[in-house]
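Per Swiss-Prot, active site, nucleophile is recorded for ASP90. The substrate binding site annotation in Swiss-Prot covers ASP125, ALA193 and is backed by sequence analysis. Per Swiss-Prot, the feature Zn(2+) binding site maps to CYS276, CYS278, CYS281.
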Amino acid sequence: MSAIFEILDKDAGGRIGKLRTPHGVVETPTVMPVINPNIQLISPKEMRSFGAEILITNSYIIYRKEELRTVALEKGLHELLGFDGPIMTDSGSFQLSVYGSVEVTNEEILGFQEKIGSDIIVPLDIPTPPDVHFRRAEEELATTAERLEAARKFIQSKQLLAGPVQGSTYPELREKAASHLKDLNFEVYPLGAVVPLMESYRYAELVDVIAASKKGLSPTSPVHLFGAGHPMMFALAVALGCDLFDSAAYALYAKDGRYITSNGTYHLEKLNYLPCSCPVCSRYTAEELRKAKNKEELLGRHNLYATFAEIRLIKQSIKDGKLLELVEQRCRAHPKLLDGLKRLYTHSAWLEQFDPATKGTYFYCGPESASRPEVLRFGKRLERFSIEGSAIIRTSPVKGEKDYDRILTFKAPFGTFPAEMEEVYPFNAEVPKFPDYEALSTSLSNTIKLMDLNPGAEFTFICEKEFQHPLIEEIGKKAKLVYREAWKKE
């Protein structure tokens, strides 16, 4: 594990950790509010009251403005912003992505960040946007790699150095870049050029980008999802292993009259009620907030409260082993997020290696739950069950079951397991009485696999009338199939 990053708790790919910086320890996952040195809707010194432990600002903006540059060089970045905690600085890559060029070299901006006392320094990488030609992505990635290698040699202080992972929307390039950077031993790994994906709600592709990058990195490396600032997607990103986010959304949305919640965004002009109990929403009605002279500031404050409330809920969900339940709730807030959830579970085999072997009770939240890592793990371990003689499979106790050599329980979405394990994780799962098609598909497939692994056993399967699924016919070829109603009459 990295000397500067300690993992305390885990669930799925998410983790609670401690990131050590020159200006203190930060608990992750967390959000870094973006501070514009020229325009401060809410002062940096107030950020701690919302829950902020670390800020991020743009060193290129400071570098370009003589007044700011002079103060930063003479008194330091922390004095300039009036914040005594950790501060990360971006290098100007955002301006490069927007305007196509910046008036500074990689070495110049690295040296400037080092001199002003940034806690996390970011090199001037090339933010390759989505959907470009593969050759362009590959060429720009090579340029970024050269700059990052130079940065690693250039920065020798105790300040942390970030190694941004680029590669556009090509998972193979993302994983290749991450693997290369891992060998250079950066302290923090931002995932760059993902804002266009989030702005266009391309969450399925975002999931692939994050997963590919994470697969190339050490599992103990802290990961920063650059430009991710809306709380509705934090849980999804955390479940993939992201530890740091940065948010200018609190201010940008406030300027546009938008009200952030963990389930999406409202336009203040259309709100009759404020669905929040933060200090702002507890004091004002929707109408009063609209008429307030400092409406933008108040809205920005609410947006920050909502942002950090979601971070706290995510941390508690990790503690409780309920992160994926939260992810499934959040991803039903928007169809595109649901696409992201479905894509997340295509990576379940990878996630399963990080998911704790035992944790809080599994809750079935919908069809996607049938693809969770816990279910996949069960399917991989069916060979551990050795069954001989007569065996009865049922969802709940039936008359005459003790006449059989083995009593087995069927529970979707898992499948069939020894009845004596019903109260053991994950079989103590809370599931619907009537399983959906996806849950039946997985559980019946696992049951067929169990039967195939134990060809010497004689199975009797007590089927519920609600089990309408093509695989029931296959079960009937391998076991005596009896519907519960018919069993009662025997």
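Start at 1 and count along the chain as shown; that gives each residue its number.
Including glycine, each Cβ sits where the backbone N, Cα and C put it.
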Cβ-Cβ neighbours of ASP125 (substrate binding site) (radius 10 Å): 28
The one of ALA193, CYS276, CYS281 whose CB sees the fewest other CB atoms within 10 Å, among these binding-site residues: CYS276
Protein Cβ atoms within 10 Å of ASP90 (active site, nucleophile), excluding its own: 27
Additional residues around Zn(2+), ordered along the sequence, whose Cβ is within 8 Å of the centroid of CYS276, CYS278, CYS281: LEU274, PRO275, SER277, PRO279, VAL280, SER282, HIS302, TYR305, ALA306
Spatial separation of the residue listed as 'active site, nucleophile' from CYS281 (Zn(2+) binding site) - C-alpha basis, Å: 33
Chain-internal residues, separated by at least six, CB under 8 A from CYS278 (Zn(2+) binding site): ARG301, HIS302, TYR305, ALA306, ALA309
Residue pair CYS276 (Zn(2+) binding site), ASP125 (substrate binding site) - Cα distance, angstrom, rounded: 39
